[in-house]
Amino acid sequence: MAKDDKRLTGLFGHPVSDRENSMTAGPRGPLLMQDAYFLEQMSHFDREVIPERRMHAKGSGAFGTFTVTNDITKYTNAKIFSEVGKQTEMFARFSTVAGERGAADLERDIRGFALKFYTEDGNWDLVGNNTPVFFFRDSKLFVSLNRAVKRDPRTNMRSPQNNWDFWTGVPEALHQVTILMSDRGMPKDFRHMHGFGSHTYSMYNDEGERVWVKYHFRTQQGIENYTDDEAAEIVGQDRESSQRDLYDAIENGDYPKWKMYIQVMTEEQAKNHPDNPFDLTKVWYKGDYPLIEVGEFELNRNPENYFMDVEQAAFAPTNIIPGLDFSPDKMLQGRLFSYGDAQRYRLGVNHWQIPVNQPKGVGIENMCPFSRDGQMRFLDGNQGGGPHYYPNNKGVYQSQPEYKKPAFPVDGDGYEYNQRQDDDNYFEQPGKLFRLQSDDAKERIFTNTANAMDGVSEDVKHRHIRHCYKADPEYGKGVAKALEIDINDVDLEGTNDETYENF
């Protein structure tokens, strides 16, 4: 049968005799409920929209290849990095964060940077952003951030007041806010931005020696950004500009590439680090912990069906392979639960069987998961009729002790420790970042901040000016001027203690 001569069937293979005219009682009569095809189509249509992601709802994705270019086996025995030249299939998804599925691509927002590597030891998901830091360092605040940047419960509109009230109520957010208000808060598209694992992770080698690492992905297309005015003009013509750019580039054979690097910190260095090395609001300075090249990934194949491969792509930081591991980063620890849990709600417990999520490097035929049943369990025969318990006399579900990780270093008593008593150095790094900007770039930070804070209350504006001033007096004065506020009217020595306690 020719491709253009496919004949319509129902979902269970029955031929459809008429796809335009319903079955009725007479030519002008009411619809008959025995019109099985109509019932099937409408009931499926009523259920075809799945829950969108709570964050990162609007996204674009592509398949590609990761290639090792430098030997890092002294740090890790992960097979993906076992030899120079080794290639691994992968999938990448880029996204905005705050907007819904129908939001414009060009918003002043963080961009998600999620990678899935199909290794022979299972899928490795690295769920990052285009910024190296985040707004806070304890995952208990994540629900509040989500609500603050989404729609107001009364007006159902995005609220700069809610957004900035939250951001300025959490002083450690200034580092991320500074990046967001800078040129890099509005990437031209997904191809022209860097990516970061953001969190601190760890690696271990054959000797069981552990090091702490941060992942960096540097675009080989160069960094390009838009101003607010440029972005607004483009959004008026094309709300999918970033998605279109990525898709068209790959279709035209202009495959985007990113180089992968790591920063490495030993356990001894971590003990003596001046700040908490697992604090997601801070970076490790490259002068102290230089970038080490690892490899390069290239995106070279567009999905054949967006829903199948991009909308149903499920990432979770718990998807990690031998040789790689986690860290005490409190935000990472929270995400270890929330991501997988969200995917099970959104896609079901068997979402690992969806093609884009399948562990292709292992092969379904080589897997032996203990989980059974659940909606849409079909791919592996539900493990057949063998034992569904352990131990059993068939020897099924044997552990693989050769993959046991080295001991994870922890200490201390279980307690709700006040993070602000441990570290209140919120402003040093954003101050250094501000001073690295050119004069023109600083002016754009001031302008972008004023644009973003339009309609925000005076007390919240004062709070932000105070934080900026503590990072660098020039920063605070510039923001105050852009907001048309006399800096002499701002309490520059105040604190956020009372505000924070209200969260």
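Even glycines carry a Cβ here, placed using N, Cα and C.
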Exercise for the section: Check each of the ranges 1-26, 53-78, 235-260, 443-468 against Swiss-Prot and return the one annotated as region 'Disordered'. Expected result: 1-26
Completion exercise
Within 10 angstroms of the C-beta of TYR339 (heme binding site), the count of other C-beta atoms across all shown chains comes to 20
Completion exercise
Row ASN129 (active site), column other C-beta within 10 angstroms, all chains, value 24
Exercise for the section: Identify, in sequence order, the residues in the chain of HIS56 (active site) that are 6 or more apart from it along the sequence and have a CB within less than 8 Å of its CB; answer 'none' if there are none. Expected result: SER95, THR96, VAL97, GLY112, ALA114
Handout entry: Coarse DSSP state, helix versus strand versus coil, of HIS56 (active site)
Key = coil
Handout entry: Inter-residue C-alpha distance, ASN129 (active site) and TYR339 (heme binding site) (nearest angstrom)
Key = 15
